[in-house]
Structures are given as structure tokens and as C-alpha cells.
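Undergrad: Sharing a structure here in C-alpha cells format.
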């Protein structure tokens with residue numbers, strides 16, 4: 001072996017690429033020093049990180065366990081089959097495809113399976129908490145299919161199931177979709193399943209945000225009401241970036257396999273499959289149910305703390321990990337609030353709320369999520385503190401004197417992050 005070859009296999013990133021290494025170090029420090037309240041984020045376990053960084057990443061494969069298009073895949077077969085078996089056990093379904101590279105890829109595969117160009121899709125309005133991959137303009141799903149939306153009740157800000165049924169009867173969609181990225185309330189899968197059957201539509205549940213809550217028994221399961229279910233393995237499931245497709249429909253399963261590969265994807269990500277298997281195994285452990293229950297409890301406390309301080313919460317509360325804040329009465333927009341919290345080392349994101357402006361710069365919502373901080377070990381007391389800190393910041397910004405509050409807020413956040421470390425080295 002030449003010296004160059006030895007160096008290739010043994011030189012760590014800090015020596016090979018100092019620029020990237022510095023960014024990695026900075027990101028590690030950021031995750032330790034900031035409290036992550038972006039609802040789509042979480043913190044994976046050391047075991048998941050180990051799988052992601054394993055040499056299995058070198059293996060290229062297409063196809064499925066026992067039926068590959070490349071040799072040498074016997075050990076990837078083991079981890080993929082483990083992921084399949086664990087997904088079926090965890091979510092109580094008969095069939096699972098664990099190969100989608102993302103939740104959006106999973107949704108595209110379902111569209112590829114069930115729809116023809118021009119077919120009608122009915123999904124939750126984006127400003128009410130829906131998702132781009134459900135037929136929204138600007139996404140591939142909205143270019144090839146005729147997209148329609150249902151919405152939330154303007155008073156309760158909860159999905160208006162009567163309106164959904166009326167629109168479904170009028171539109172007669174081929175596919176009815178529920179789920180999204182910023183809907184904080186429990187979803188009535190049974191009611192929506194009945195609506196879909198009434199109008200002859202397939203019923204897709206995208207539970208990307210709530211998959212971990214479903215797995216942990218903290219939210220009702222979409223089965224047996226859904227025809228097909230997609231989700232990510234990130235977010236509340238605490239796994240790597242990737243997607244799953246689940247169903248009980250035996251007749252669809254072979255077609256579903258082909259819809260993923262070769263329909264919308266080529267070779268799989270072998271190391272990510274291993275990490276998915278690990279995270280699904282973790283979610284089958286009894287302590288995951290404790291985690292899921294704590295997520296709901298923490299979100300409820302955060303919402304209640306903010307409400308008590310005069311901060312309006314969309315729909316008046318939460319049943320999930322998401323707390324959606326309406327800043328309009330404070331004279332602030334979402335971007336201002338996002339930047340304000342960042343100054344105190346709290347990470348959140350601007351977000352539309354029901355009937356918000358279509359222009360992101362004018363959104364008056366801010367989305368908060370408790371999953372990552374709950375993974376760190378924070379409980380109700382810590383979220384009361386966080387809610388108080390956030391309310392203090394919002395009030396001060398609205399009054400034009402945030403500078404006098406930021407340093408105190410930052411100190412309280414530093415106390416919390418020191419008490420709940422991430423990946424201690």
C-alpha cells in the first residue's frame with residue numbers, strides 16, 4: 001500500500017479538510033449551546049450516528065432483500081429486513097417499504113402508484129398546516145395533478161371535517177391526503193377515512209411529524225382507516241433523514257415496491273437503512289412510550305405558559321409536539337420573532353398561520369416544537385422556564401426594548417443547555 005493510499009483511508013477530516021472540519025465543530029457546539037425548538041428537528045442517538053457513519057455507506061445496491069441488482073449485499077439485506085420487520089411491528093401494518101430517501105420521495109412514490117397525470121388530489125391548505133408535497137404549486141406534485149384544498153374552521157382553527165366532506169363530494173378526488181408540517185391538533189383518521197370511502201377516494205396519511213407520537217401511543221394510529229401511510233424517520237421518530245411507506249393492502253404491495261424502485265428512486269442509501277433499523281428498534285423499547293408522552297406534556301406546558309402571558313396560540317393549544325404562535329397582536333412577524341429568539345440561543349422558525357399572507361416575509365406565525373429539547377431530557381419545569389423566556393422576549397420586542405432582555409434570556413438558556421448536554425465528549 002502506498003503512503004497516499006494509507007493517507008486516504010486513515011486521515012481524519014480535521015486534517016484532510018480544515019474548512020469543513022471547522023464547520024462541523026461549530027455545528028456540534030451550536031447544538032450544545034442552543035435549544036432547538038424547530039418542530040421538524042430532533043437529536044439522533046449515538047447508535048444512529050454510528051450506523052450513519054459506517055462503512056456500509058460504500059455499498060451500492062438496487063432492488064430489495066433477496067432480489068438485488070448487485071452482488072455483495074447480504075449484510076445490507078440483514079439491516080433492510082430488520083427495518084422492514086420493525087416498521088411493521090411498530091406501526092401495526094402488514095407491509096413496509098423502508099427505502100424512500102425522504103418523506104417527499106415517499107409521497108411521490110404513492111402518487112406514482114395511485115395517480116395518473118390530471119387526477120384530483122384533496123389536501124390540507126398549506127397555510128393551515130399542510131405540506132408542499134401534497135399537491136402544492138411549486139412542487140412536482142402540484143404540476144402534474146389537479147390540486148384542491150380543505151381548510152380549518154376560521155373560529156376554532158381545527159380542521160373543518162364538514163367542509164372537507166362537502167369539498168370532497170364536490171371535487172370527487174382520486175386521493176384524499178391528511179397530515180402536514182404545522183397542524184398542532186389530533187387528526188380524526190376515522191372520520192377522514194369514511195369521507196374518502198364515501199367519495200371513492202384513496203386515503204393517504206402523511207404522518208411525518210407525528211410518527212413518533214403514533215409509535216409511542218401518544219396519538220391515534222392511522223390504521224385501519226388509511227389505505228396507505230407515509231412518514232419520515234426524523235422528527236418525532238428520532239431517526240436519520242429518510243422516509244417510510246406503510247400499508248395493509250396486499251394487492252398494492254408489489255406495485256408499491258416498483259413505485260419506489262425504479263419508479264422514483266435508483267440505488268438505496270445502505271448506511272441510512274442501517275440507521276433506520278436502529279431508530280425503529282429504539283422506538284420499540286418501552287422507554288420510547290415514556291418519551292412520546294413527555295413530548296405531549298412538554299408541548300402542552302409550553303402552550304399554556306405562553307397563553308398565560310397573553311401570547312396567542314393557534315387553535316388555543318396543542319395535542320402534538322407543535323405549538324403554533326400568532327404574533328399579529330404583538331405587531332411582530334415570524335421572521336422578527338425567529339431572529340429575536342436566535343439572539344437568546346433558541347432556534348425556531350417563521351411559519352404561516354391559517355389565512356396568513358402568501359408572502360413568507362409577511363407571515364405572522366412562528367412554529368415551535370418540543371421534540372429535540374425533550375430528547376435532551378427537559379421536562380415540564382424546563383418548558384415553563386422556556387415559555388417564560390420566550391414571552392419575555394416577545395413582550396420586550398413589541399415594546400421596543402428587547403436589548404435589555406436578551407442577555408438575561410441568554411443566561412437562562414445557557415443554564416438549561418449546561419444541565420442537559422448533547423453527545424458529551
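Cβ coordinates come from backbone N, Cα and C, glycine included.
The (6S)-5,6,7,8-tetrahydrofolate binding site annotation in Swiss-Prot covers 126, 130, 131, 132, and the record cites sequence analysis as its basis. What Swiss-Prot records for 234 is site 'Plays an important role in substrate specificity', and it gives sequence analysis as the kind of evidence. What Swiss-Prot records for 235 is N6-(pyridoxal phosphate)lysine, and it gives sequence analysis as the kind of evidence.
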Undergrad: With DSSP assignments reduced to helix, strand and coil, which class does residue 126 ((6S)-5,6,7,8-tetrahydrofolate binding site) get?
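TA: Assignment for residue 126 ((6S)-5,6,7,8-tetrahydrofolate binding site) reads helix.
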Undergrad: Take the C-alpha atoms of residue 131 ((6S)-5,6,7,8-tetrahydrofolate binding site) and residue 235 (N6-(pyridoxal phosphate)lysine) and report the distance between them in angstrom, rounded.
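TA: Pair distance, Cα basis, whole Å: 15 Å.
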Undergrad: How long is the line from the C-alpha of residue 235 (N6-(pyridoxal phosphate)lysine) to the C-alpha of residue 126 ((6S)-5,6,7,8-tetrahydrofolate binding site), rounded to the nearest angstrom?
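TA: Checking the Cα atoms of residue 235 (N6-(pyridoxal phosphate)lysine) and residue 126 ((6S)-5,6,7,8-tetrahydrofolate binding site) gives a distance of 19 Å.
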Undergrad: What residue among the recorded positions 131, 235 has the most other CB atoms lying within 10 A of its CB?
TA: 235
Undergrad: Quick one: Cα separation, residue 234 (site 'Plays an important role in substrate specificity') versus residue 130 ((6S)-5,6,7,8-tetrahydrofolate binding site), in Å?
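TA: That separation, Cα to Cα, works out to 18 Å.
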Undergrad: Can you check what DSSP calls residue 235 (N6-(pyridoxal phosphate)lysine), collapsed to helix, strand or coil?
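TA: DSSP call for residue 235 (N6-(pyridoxal phosphate)lysine): helix.
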